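Peer 1: Per Swiss-Prot, Mg(2+) binding site is recorded for ASP44, ASP83, GLU115. As annotated by Swiss-Prot, 3-methyl-2-oxobutanoate binding site applies to ASP44, SER45, ASP83, LYS113, with the evidence given as sequence analysis. As annotated by Swiss-Prot, active site, proton acceptor applies to GLU182.
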Amino acid sequence: MAMTLPYLIQAKQQGRPLVALTAWDYAIAQLLDGAGVDIILVGDSLAMVALGHRTTLPITLDEMIHHAKAVCRGVKQSLVVCDLPFLSYQESISQAIRSAGRVLKETGAQGVKLEGGHAVAVETVQQLTSIGIPVMGHVGLTPQSVHRLGYRQQGQTEIDAERIISEAIALENAGVFALVLEHIPINLAATITSKLSIPTIGIGAGPHCDGQVLVTADLLGLSKKQPPFAKSYLNLRGLITEAVNEFSREVREGEFP
């Protein structure tokens, strides 16, 4: 059965943890979908893991759509959500509607994700959801704000924690169907999760969220450098290097084909 938004709410109500991972191409998406991942995120992190940029900022909406199309072709069951990249929605509400509309119409994704919980972001969410565009929110560490906030943990002071709680509540009231909590203290994530009726998806936010997401390149051990809160379940980088070295040796020594 294909994943739906009501299932996510039901999962929270019934205490079933949600599994989310990122994908950037057809092959990875097909594998994640076949493994029963609930949510596949076409994250703007692909700017770094697939395109070699140092931050997520350079990736364009056209590039995100290109990758999301490939991901959606590989998915039969999982819910696909695509990030709106930097400066594809911040300029105006009309720009956000055009960008989100393009993603849904051109890719087949079921929703979009945007960062931040400030007043402009909340208004944007309200407008998008009012015309039927499903939106996932994202608070805490927001990579599109890297030059202002850096990659450090957010919500460490009482003032910052209260701000993030207020943002989370405002985003739920604006209509987001789920909320990513990135790199915030465990107790803060637990508080937010208990206050919301929508599911929270944690990344570096502890065990008390309604689900967890990782960048798949980190999970597979493909990344040269990964965040301290990520976990590698495989050293795929080493396995690929080993396989390529063995192939090269066999070719050069006349053993293959």
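Positions of Cβ are set from backbone N, Cα and C atoms, glycine also.
Each of the listed features needs to be described in terms of its position in the shown structure.
Peer 2: DSSP assigns GLU115 (Mg(2+) binding site) to coil in the three-state reduction, outside any helix or strand.
Annotation for LYS113 (3-methyl-2-oxobutanoate binding site): same-chain Cβ neighbours under 8 Å, separated by at least 6 residues, are LEU41, GLY43, VAL81, CYS82, ASP83, LEU84, VAL135, MET136, GLY137, HIS138, VAL180.
Here GLU182 (active site, proton acceptor) comes close to HIS138, VAL139, GLY140, LEU141, THR142, PRO143, GLN154, GLY202, ILE203, GLY204, ALA205: these same-chain residues lie at least six apart in sequence, with C-beta atoms under 8 angstroms from its C-beta. According to DSSP, GLU182 (active site, proton acceptor) is assigned to a strand segment.
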Peer 1: Where does ASP83 (Mg(2+) binding site) sit in the DSSP three-state scheme?
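Peer 2: SS state of ASP83 (Mg(2+) binding site) = strand.
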Peer 1: Work through the binding-site residues one by one (ASP44, ASP83, GLU115) and point out the residue whose CB has the fewest other CB atoms within 10 angstroms.
Peer 2: GLU115
Peer 1: Measuring Cα to Cα, tell me the gap between GLU115 (Mg(2+) binding site) and SER45 (3-methyl-2-oxobutanoate binding site) in whole angstrom.
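Peer 2: Rounded to the nearest whole number, the Cα-Cα distance is 13 Å.
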